[in-house]
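Visitor: Dumping what TrEMBL says about this protein:
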{"type": "TRANSMEM", "residues": "22-42", "note": "transmembrane segment"}
{"type": "ACT_SITE", "residues": "240", "note": "active site, proton donor"}
{"type": "ACT_SITE", "residues": "373", "note": "active site"}
{"type": "DISULFID", "residues": "436-468", "note": "disulfide bond"}
{"type": "ACT_SITE", "residues": "482", "note": "active site, proton donor"}
{"type": "ACT_SITE", "residues": "507", "note": "active site"}
{"type": "BINDING", "residues": "593", "note": "Ca(2+) binding site"}
């Protein structure tokens, strides 16, 4: 393993000044020479030497705090014992290093040099205290007016009450945990977040602000400031941490102007950068936040990275570069495009698996649902977020959509349009709940469609919205299954037990929201209200909302998890469905795939957003 244990800790008083290090080196030079004799046979000993010389010790800490007395034999004995232990650790490390390949040793040396630099720049492992000053300007529509229609106003108020109920349960029973178990009334965490805490808090920040729950927002802000810690020896999903934590922090900053969110977002972004240290620059799926060691999911085809994961970093990383002044974030995600552009796409489609070392596709499985979905979404939104200047993203999106329509979109005998999955040239006539986001995506992109495709794409979006509504309407509980099929005589119905569950997902509501905004057809609000009633009847429990194991059962069997995306996405999209169009208007804001709104990055000064005079 890397020599991280020999490096300084992240505390503010943990390292000597360079002059003091070298004085200490001279005093014990004979002892060090003896202990380190073996190390000089290594290809490069600088890594281990720097590890020892930069290691924290009691005397270093005391020097920084001004409490060392400069004498005392007991203190000297402690110092000698500490140095001896450091040397023993270094020799053990040297033996381990001798067994490694030269390429591995070189990579570790580079990694340690970067970490020493980061640790020297700030106590949080990054130069977050030296971020360039940013003049905060809030884009229009951060909060919205009351709808003039009484029924719509009443429905919107109901959605806010649902947020208050679910947030109240989390706050009472799981505060600081990643998610809530609303029936057993305790915290819940999946392995996606490793040892990170507070996913629900960060994910819900912007929803609290948008719904004007300002006291709760301030309480959540205080938790972020005092307790959100990224300096952990823990492995996380790069994708999930990016869309929920980085996206949530960025959105909270743009809505409120509170600089703590910018600082935390950039700090976390810096900790995710080592994920890109592959031969192609295609990032690993999993990353240890402390060591910077990455790997891919063991089940992914031949050690591949996943399209929806490495393809869903662009929006957040472009904003990280904008807010930090560091172009590296943008460079990393633009390089992903270069790799993809060089590859041959089967029938113009993007397979879900790509090997980050060889730069070649894994097995040819294509999906607009799980494993693929948000890659396509981010191509379109990258173009919109760039103030429609990112022509590369625009072309990639519309080309991909054309290939999807040709190869994957089919119509059932009953007239329902669906998006199938493609496995090595064979179609599987299954559509996931996740795929239902595509109706909203296609509607969002229809206006910029090439040629005379705008009307056709709006019709296609409406047909997908109808199919996804049918997947809800054809269940007993009026909530959609995880996946539904169009074969064996069934249409829009789940036929396998492991596809009948509902975990409070947002994608169908998301499409209804976009369709309402672009058509103002009242059926989309009615369909959204049907979902509200089903959620209230079957998912609401005393401490929040729970997913359901089988939407075809006569009574709900709860899974006892209130997913963080329920507050980040499902309730937010419902609230916006019953809001006016000037609330987070689509010409000023783009939603990341976790529904965190990010502003369009203007290329000129013609658009002057509302300047906030009161931001903290």
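Placement of Cβ uses the backbone N, Cα and C atoms for every residue, glycine included.
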Visitor: How many whole Å apart are the CA atoms of residue 373 (active site) and residue 593 (Ca(2+) binding site)?
Guide: 9
Visitor: Looking at the recorded positions 482, 507, 593, which has the shortest Cα distance to residue 436 (disulfide bond)?
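Guide: Looking at Cα distances from residue 436 (disulfide bond), the smallest one goes to 507.
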Visitor: Including all protein chains shown, what's the count of other C-beta atoms within 10 A of the C-beta of residue 436 (disulfide bond)?
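Guide: Total other Cβ atoms inside 10 Å, all chains included: 31.
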Visitor: Between the Cα atoms of residue 507 (active site) and residue 468 (disulfide bond), what distance do you get, rounded to the nearest Å?
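Guide: If we compare the Cα positions of residue 507 (active site) and residue 468 (disulfide bond), the gap is 9 Å.
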Visitor: Cα-Cα, whole number of Å: residue 240 (active site, proton donor) versus residue 593 (Ca(2+) binding site)?
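Guide: About 10 Å separates the two Cα atoms.
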Visitor: Would you mind reading off the Cα separation of residue 593 (Ca(2+) binding site) from residue 468 (disulfide bond), to the nearest angstrom?
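Guide: Distance (Cα to Cα, whole Å): 18 Å.
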Visitor: Give me the non-local Cβ neighbours of residue 482 (active site, proton donor): same chain, 6+ apart in sequence, Cβ-Cβ under 8 Å, ordered along the sequence.
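Guide: The list for residue 482 (active site, proton donor) reads 432, 433, 494, 498, 499, 500, 501, 502, 503, 505, given in order along the sequence.
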